[in-house]
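Just below is one structure, and these are the notes that go with it.
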C-alpha cells in the first residue's frame, strides 16, 4: 500500500506531465464518472441504506440525480468554460490581446462528509476534473459502506495516475493535511473546518469550506398552512434532518403557529403513516454518537414538544419532532440541530424576526414562506445567507446554474465580541471564526471556477512604440497628460 506522500508524488508527477490539460482527457474522465454512477446505481443505493437507512427515493434524488445533472452540465459546457475570456481595452492596449485564461490549480484535496457521502464528494470532484486538476479524494469514514464503495469504484473508472482515494479517520486526515496541496475543498462541521484552516495556513493553501449553520424559515403574511406544512416537512425531515441546508428553526406569529402545528402533524401522518418508525421512507441518525447529541438537545430544551418526541436508541431513531414555546436562548438555538427536531419561535413582528436572525451567524440558506411578494422582498433585502429560497426548502441547491456555498465572515463578528480562543475581536479572527456557513462556492460553472486559476494574460507585440514612449523618462507633464488619456476607459472600449 502506498503512503500518503507516495500518492501525492504520483499525482504531482502526473499533473506536471500535463496529461490532465487537454479537453479530450477531461471529457473522458467525466464520461467515465458518469458511467460509474450509471453502472453502480443499485450498489450506491444499497450503501446509502446501510449507512443512513436512506430510502431509495431520497438516495436517487439527492445522491444520483444531482450528480448526473452536474455531469451533464459540465460535459455540455466544458468547451465554452475552457475558452479565454476577452476583456475590454483602452487605446494604449488596442493592438494587444487581453484575456483571462482558466488554468488548473494542480493537485487538490477534496474531503467529503457523511450525510450525503456520494453527492457532496462527487460534485466537487466534477468541478476539479473539468478544471484539469489531479485530485486526492477523502470520503468520510463515518458513512463506512459508501466509503468502501467509493474506494472500490474510483480506481476502476478514473485514471489511477491522476485521481486517488485516501481513507481513514481523524488521525489519517490530520496526517494528510500536513502535505502541501494547491487547494483544499472541505465539506463538514465548523470544528473540523478550523483544523483544516490551521493546516492550510502552514502552506498558505487556498481553501473552500462548505459548512452549514442554523438556517431560518420565516413564515409571515398570507400563507396556506397546509401547503407550507407539506414543503416544510419534506425539506426539514428529508434524510432525517441531516442536511446542511435543512430549515433549522421557524419564526412566525402565534396565530400562524397555531395553524401550522396541526397541519404539520397531519402532513407527517400523510407522508409517513401513523407509526413513523415503521415507515420505509424515514432515514435514521447516522451513528449512536450523533443520536446521543440530538437527544441531549431535546432533553435540555425548555420548549414544549407538540409533535413527535418518540425515540429508539438501538434503532438510532428519533421521530420528526416539533417543539413550540422555544426561547431565543433555548438549548435548541445554541447550535445547528442537524436532525429531525424543529423548534418554532413565536415573534409577532416580521421586523423583529429579521432582527433575531441577524444575531446568529450567517446561515448557508435562508427561507421565507409567504404569499405576499412584499414580505419575500423585505426578507431578501434585509438578510444575508449563502442561498435564499422562498416558499420551499433545499430545492435551490439542486440547480447547477446557481452557486452553492457559504457567505463567509460570521455575523456574530459584527457584534465585536472577543474570541475566547485567541482574544482577538471576532471580526478580526477568520481562523477561529470563518463563519458557520463557510466560504467559497461550487456547482455547475461555479465549480469549474472554484478549481481554476483565473490567469490575466496580455499578449503584446512591438507596435506603437511611439505611443509607449510616453511612459519612458525623461518625464513631463505633457507626457503624463497624454498617458492619462490613452489609458482612460473612455479612450477605447473594444474587445
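Heads up, the Cβ atoms here are built off N, Cα and C, so glycines get one too.
Here TrEMBL flags 210, 244 as active site. The feature domain 'Aldehyde dehydrogenase' is assigned by TrEMBL to 12-413.
In this structure the alpha carbons, written CA, of residue 210 (active site) and residue 244 (active site) are 9 Å apart. Shown in sequence order, 115, 187, 210, 211, 212, 338, 364 are the residues of the chain, 6+ apart in sequence, with a C-beta less than 8 angstroms from the C-beta of residue 244 (active site). Neighbours of residue 210 (active site), defined as other CB atoms within 10 A of its CB across all chains, total 27.
Within the model, the domain 'Aldehyde dehydrogenase' (12-413) shows a mean pLDDT value of 96, rounded to a whole number.
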